[in-house]
Amino acid sequence: MPSLSIATATLASPVTTTEMLSPNPFSSLKARDLGGSLLTRGSLGGETLVDLVGGYYDAGDNVKFGFPMAFTTTMLSWSVIEFGGLMKGELQNAREAIRWATDYLLKATAQPDTIYVQVGDANKDHACWERPEDMDTPRNVFKIDRNTPGSDVAAETAAALAAASLVFRRTDPTYAKLLVRRAIRVFEFADKYRGPYSNGLRRFVCPFYCSYSGYQDELLWGAAWLQRATKNPMYLHYIQVNGQTLGADETDNTFGWDNKHVGARILLSKAFLVQKVQSLHDYKGHADNYICSLIPGNPFSQAKYTPGGLLFKMSDTNMQYVTSTSFLLLAYAKYLTSAHKVVNCGGAVVTPSRLRNVAKKQVDYLLGDNPLKLSYMVGYGPRYPLRIHHRGSSLPSIATHPAKIRCSSGFSIMNSQSPNPNIHVGAVVGGPDQHDQFPDQRSDYEQSEPSTYINAPLVGSLAYLAHSFGQL
């Protein structure tokens with residue numbers, strides 16, 4: 001088994017960039033290699049400026065997309081909630097990475113019934129290949145409000161704030177209370193003014209982060225996190241009354257930045273298994289159905305795996321589903337163990353130990369135990385991707401090339417075969433295809449681009465596996 005280290009599981013996007021006053025200390029691209037980047041606030045139109053300093057870019061571009069950023073924050077928080085006690089010296093780094101995001105989300109939700117959900121014009125940004133420090137594309141700000149609702153991104157933001165409040169409850173109770181109060185207000189907005197955000201903002205958020213699955217899953221997910229963070233009976237009642245209409249028993253078993261149904265099932269099953277909330281009994285059954293669909297060799301198994309054993313959901317950034325699924329398997333194994341329960345898949349008994357073994361195999365594959373003997377975490381192991389689809393990694397640093405690299409000039413480097421000059425240690429790329437093949441080409445963003453939401457759930461999995469196998 002490859003050696004595991006939580007220290008290498010940093011969030012995948014170096015976010016020392018526009019709208020920031022100082023470099024993000026948790027980027028794996030060192031601050032000394034990165035200069036200032038615009039240092040301005042976002043423009044809402046005309047002369048209006050909005051203070052949106054902070055936050056994360058989603059992946060290899062220079063846009064701050066609120067939807068995947070909020071999901072990243074939720075999953076990193078969940079990683080700390082379940083496995084933070086195993087992170088040892090890295091726990092404070094994880095907390096600070098979460099706070100970097102939640103400070104931004106607090107700014108984005110400062111006005112009632114309004115959320116700023118994107119900074120930057122993605123179409124214009126993607127027409128350039130520039131370092132963050134050189135970026136000169138429009139920094140327009142896009143928002144949702146009563147007239148342009150976005151229940152999906154709003155409820156995910158509420159989930160992120162609620163989950164993060166649990167992370168800071170003991171270490172900074174004042175901040176935790178601020179987060180949960182804001183989460184309550186944001187969820188009320190999400191529920192009252194319903195609609196997918198990509199209806200009103202389609203030409204700006206699509207095809208990048210369209211709300212393909214609708215907003216119902218986020219409402220259930222957000223309510224689940226608020227139920228856990230507040231213990232207020234109103235959220236339990238909301239789940240009981242609205243669960244079915246919000247898709248509690250949906251058969252879609254994909255978990256990622258767009259679809260939260262599976263995550264909500266696992267989270268709510270904990271309330272039943274561990275906290276003995278009997279009214280949520282059905283969510284144990286929903287969670288079990290998900291598990292049975294994943295585990296090979298039982299009558300209900302539906303998941304597809306590559307010949308080398310990697311879970312394969314889809315060609316575009318498949319590794320996000322590998323890391324999110326592995327985390328859910330480990331979290332559910334923890335809940336089952338606490339309640340002395342197993343999963344029954346049509347007569348085939350699946351134990352918590354089996355779930356852990358499946359998760360471990362996925363993480364082992366990611367770290368190099370695969371047909372190519374290639375680690376999909378940059379900088380880890382003897383072989384890893386050299387040409388990741390990431391502007392800051394692929395272009396020379398300010399320190400080595402102080403002259404500005406303009407919009408179109410960078411494409412000559414993007415299209416070259418030269419290895420990236422800046423090794424983005426800890427970033428996990430989209431991963432191999434269904435045949436275990438990986439071309440390592442910058443132009444192949446589906447396989448070669450890292451993202452924050454690939455790394456965030458991996459943090460929890462690595463903490464557990466590293467501890468369990470004596471590497472941390």
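Cβ coordinates are placed from backbone N, Cα and C, and glycine is handled just like the others.
What TrEMBL lists as active site is His389 (among others). With a 10 A radius on its CB, His389 (active site) counts 24 other CB atoms from all the protein chains. His389 (active site) falls outside any helix or strand according to DSSP and counts as coil.
Cβ neighbours of Asp440 (active site) (same chain, under 8 Å, six or more residues apart in sequence): Pro385, Leu386, Arg387, Ser448. According to DSSP, Asp440 (active site) is assigned to coil rather than to any helix or strand. The active site annotation in TrEMBL covers Asp440 (among others).
In the three-state DSSP assignment, the secondary structure recorded for Glu449 (active site) is coil. Taken from TrEMBL, the feature active site applies to Glu449 (among others).
Sequence annotations record features per position, and here TrEMBL assigns domain 'Glycoside hydrolase family 9' to 46-461.
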Give me the CA-CA distance between His389 (active site) and Glu449 (active site), in Å, as a whole number. 5
Would you count the other C-beta atoms found within 10 angstroms of the C-beta of Glu449 (active site) for me? 23
Given the model, what does the mean pLDDT over the domain 'Glycoside hydrolase family 9' (46-461) come out as? 96
